[in-house]
């Protein structure tokens, strides 16, 4: 029986058909990007972006992206797309960032906003769903932010994820899965992964949930136990411990048995209240309020500060398909990363050669100047 061979292009087309691409931007149509991206006018001192591939690149046109242009400025720009919910779906956020200026202090991250974000007034107080990407400042801060918004609070990943600090283009990807797992990739390699329940700072969230549970569920459990449980009875098989001291510990009372067990196998009677609350929260708070689900995603933006400008942002992608994101990364950053480094190496050699030639020229000028002075002295002597 003959086996049909499926062409590679057909497989790629099938993958595109299966994936949902919510947003994709490569800046391949010249200045028409200005029709899609909105510069915030909230502050007249906000820095401006231009389209550039930088001083060195792998491909002059394909490597063009949004570049910061003014030192010591805040920046705020965003692009809108059709709103969607990632409930029950994987969410992949991917882009490239190039700190050509060798970043000393500033952000290189992106933010994902609700669809109702005011683009013209975008600023540091604008609510966002997700903040992801590198942040560098001095020797202390060289990290990848992964911040999620929930119930009017921002929750940071408690792990220290180191970012790239050189001047080349790097591919950053964040994957949030419906099973509450996540993954951070840089240049196609997984550098951190885990579970949102354990890797995010959820102390304030747990306190909030505990307060809610305490005010509702515990009181209800106390009120319902006479209706839902059969009466309690003494455990006839139990006996007073031999070391029981009635004077210190009071009269001994046998343990009480009860049936049926409380709902979900939890019994408020006879167990510590905090233990019961912990079990109740453990079973419900992350499933009822999923930190990785956002109902109205509708915009992506750059809202950041830079001391020294020059960063280039490119190849933005938001999708529900990890494989599509991986292939997109290979087709963009993967194709130009090598030539970019080659061009940088050639430029570095040329700069070294130029500096050497300038040094030699200065040396020759110094020697020539000395010979000229000697000639002038002999000429003056002859005149005398």
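For all residues, glycine too, the Cβ spot is worked out from N, Cα and C.
Unlike curated entries, TrEMBL annotations are predicted automatically.
Quick look at what TrEMBL annotates:
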SIGNAL    1-19  signal peptide
DISULFID  105-137  disulfide bond
BINDING   109, 111, 128, 135, 303  alpha-D-glucoside binding site
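Distribution of TrEMBL features across the structure.
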{"residue": "105", "record": "disulfide bond", "Cβ within 10 Å": "14"}
{"residue": "109", "record": "alpha-D-glucoside binding site", "Cβ within 10 Å": "22"}
{"residue": "111", "record": "alpha-D-glucoside binding site", "Cβ within 10 Å": "27"}
{"residue": "128", "record": "alpha-D-glucoside binding site", "Cβ within 10 Å": "20"}
{"residue": "135", "record": "alpha-D-glucoside binding site", "Cβ within 10 Å": "19"}
{"residue": "137", "record": "disulfide bond", "Cβ within 10 Å": "15"}
{"residue": "303", "record": "alpha-D-glucoside binding site", "Cβ within 10 Å": "24"}
Residues within 8 Å of the 109, 111, 128, 135, 303 Cβ centre (excluding the alpha-D-glucoside site residues themselves): 107, 110, 131, 132, 133, 145, 147, 301, 302, 304
Residue 135 (alpha-D-glucoside binding site) to residue 105 (disulfide bond) - Cα separation in whole Å: 8
Largest separation between Cα atoms (Å) of residues that the record links to alpha-D-glucoside, namely 109, 111, 128, 135, 303: 17
